[in-house]
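**Q** Let me begin by handing over the structure; questions about it come next.
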Amino acid sequence: MFLDTAKIKVKAGNGGDGMVAFRREKYVPNGGPWGGDGGRGGNVVFVVDEGLRTLMDFRYNRHFKADSGEKGMTKGMHGRGAEDLRVRVPQGTTVRDAETGKVLTDLIEHGQEFIVAHGGRGGRGNIRFATPKNPAPEISENGEPGQERELQLELKILADVGLVGFPSVGKSTLLSVITSAKPKIGAYHFTTIVPNLGMVRTQSGESFAVADLPGLIEGASQGVGLGTQFLRHIERTRVILHIIDMSASEGRDPYEDYLAINKELESYNLRLMERPQIIVANKMDMPESQENLEEFKKKLSENYDEFEELPAIFPISGLTKQGLATLLDATAELLDKTPEFLLYDESDMEEEAYYGFDEEEKAFEISRDDDATWVLSGEKLMKLFNMTNFDRDESVMKFARQLRGMGVDEALRARGAKDGDLVRIGKFEFEFVD
């Protein structure tokens, strides 16, 4: 089964908790703190594997969770960092943040790696908090929570050339005779319901990848027929071979077919029309094909002002192999002078994929529940909260100082908080002391 979209959830590992411990040895008075740091949580890493062809592996396995780091240990020893969770994806996978829609990365090279969720850092042990004023601190940090996010995956097959056209114009037949691919071929519409990929080698020794894409019909860009299900695969191609049935065996006008398909490509993505097209006049072995071709050329030339450049037309027959060598040589030549097309605007991409906090974002936010409880939230505040060890009084006092330093106390007073009011952070509640 060919699967080219998937929505998954990834969770990086939490950092290990830091430890509170003291050196207790004979003949070592005032041994001091000896608790080590926790280990780093594992990242979730996507790795491109050229052996994969679809996103089928994500159909039944939609949750990926990396291991957490080990806790800090006595004698100042750090906990072991967790191994990264490496997830294999096929070439041509685009990764988006499902919440924002931003493109995180476009994975196109074999072996390429990208961290989609960063593991949390380990919490600090009490060795890190020793000062001249407090040489034996009973303070440690919990490990930082690992990044958690929902991702939308899209597979756009890697092909230099895309074959487009109405159903049953001979795309699959053409692919089968110019490559070793074995697409399903039949005398009915939508015989091809998944993209097929093959490699072409010309007589001069040049090679390129060709994709046979399921047939388009009018309204495909609005979801008619197979809809936009496979239009995305055209986006990676550099050259489009527009296959026209010159025999008009389906009772349609070849020139109207040509205009209709171009309209669907343009409606789906304006940038698709920037790709150079070669018109492939197929089924020239059939009666009336030559007459239809002459009429097609006439209509095309009469309306050439509508096109930036008049496309080349190559008469062929996929059945008899007439004209194939000339077509393939011309395609290879056009590929040589056609650069890669940018798939996404910079505005679509995240400037940098990282796990941190935006300096421009508020450090905290204050709201009030229906029960009159003040609620504190915010990414930075929650990070401090999650890393606080509430089993240790000194850690709690440190957290209170951090809140005061962030201006939380002052902000609560400004909002009207009074002595004894309940304040909630996550599931933790405490009284406000003015």
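Every residue gets a Cβ built from N, Cα and C, even glycine.
Pulled from Swiss-Prot, these are the listed features:
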DOMAIN    1-158  domain 'Obg'
DOMAIN    159-336  domain 'OBG-type G'
BINDING   165-172, 190-194, 212-215, 282-285, 317-319  GTP binding site
BINDING   Ser172, Thr192  Mg(2+) binding site
DOMAIN    356-434  domain 'OCT'
**Q** About how far apart, in whole Å, are the alpha carbons (Cα) of Ser172 (Mg(2+) binding site) and Lys283 (GTP binding site)?
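**A** Answer for this pair: 13 Å between alpha carbons.
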**Q** Count the Cβ atoms, other than its own, that fall within 10 Å of the Cβ of Ser172 (Mg(2+) binding site), considering every protein chain shown.
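**A** Result for Ser172 (Mg(2+) binding site): 23 other Cβ atoms within 10 Å.
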**Q** When DSSP states are grouped into helix, strand and coil, how many residues of the domain 'OCT' (356-434) land in each?
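**A** Helix, strand, coil within the domain 'OCT' (356-434): 30 helix, 17 strand, 32 coil.
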**Q** Among Lys171, Lys283, the binding-site residues in question, whose Cβ has the most other Cβ atoms within 10 Å in this structure?
**A** Lys171
